[in-house]
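A.B. asks: These came from TrEMBL, pasted as-is:
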- Asp45: active site (ACT_SITE)
- 8-157: domain 'RNase III' (DOMAIN)
Amino acid sequence: MKFDQFQYLLSNVFQENEGEGPPPIKYKDLPVERLHPLVLAYVGDAYFTLYIRTTLLAYEQNKVRVMHTLDSKIVSATMQAIAYQSLEGQLTEQEMSIVKRGRNAKSTVPKSATVAEYRNSTGFEALLGYLYLGKNYERLSELVEKAFAIIAREMTKDAKKSGEKK
């Protein structure tokens, strides 16, 4: 992080704090519909990562390195794009409009994914962030559970294919 960005954070994000508690809140209400799609994706990414990490505890509890390797693969843009494409037909019009906003947001695509995969995963994360911040926890749980199942099947299928090649 550049020094001027750090200074901005200190002076504009965290206000002067006189007391013992946390800094005063700048925004009382979160206008979820008006938040930038990359902000929604930022929150959605965090939620999905936490969901995956806690879910993996049902399968492994001792090998942190294995869990980290697995969760990194699961939350990758490629796997999220696969999950999104499988779930796309089950989304409402409003949910699709959030996905489209996230997909169309300008961002830098990493080398680990195609442009299409990255755009679709950003749209998917934006939807998750929208549902989380909008407190639509039931729908959020439904989608992440389905996404996890889709990704697990895809990874199992890929593992079988690579095992056959050897």
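One is the number of the first residue shown, and numbering goes on along the chain from there.
From the backbone N, Cα and C atoms, a Cβ is placed for every residue, glycine too.
Owing to the predicted nature of the structure, the values given are computational and were not obtained by experimental measurement.
I'd like these features described in context: how deep, what's nearby, how far apart.
C.D. replies: In three-state terms derived from DSSP, Asp45 (active site) belongs to a helical segment.
Averaged across the domain 'RNase III' (8-157), pLDDT in this predicted model comes to 92.
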A.B. asks: Compile a sequence-ordered list of residues in the same chain as Asp45 (active site), six or more apart from it, whose Cβ lies below 8 A from its Cβ; state 'none' when nothing qualifies.
C.D. replies: Val75, Glu125, Leu128, Gly129
A.B. asks: Report the DSSP secondary-structure composition of the domain 'RNase III' (8-157) as helix, strand and coil residue counts.
C.D. replies: 106 helix, 0 strand, 44 coil
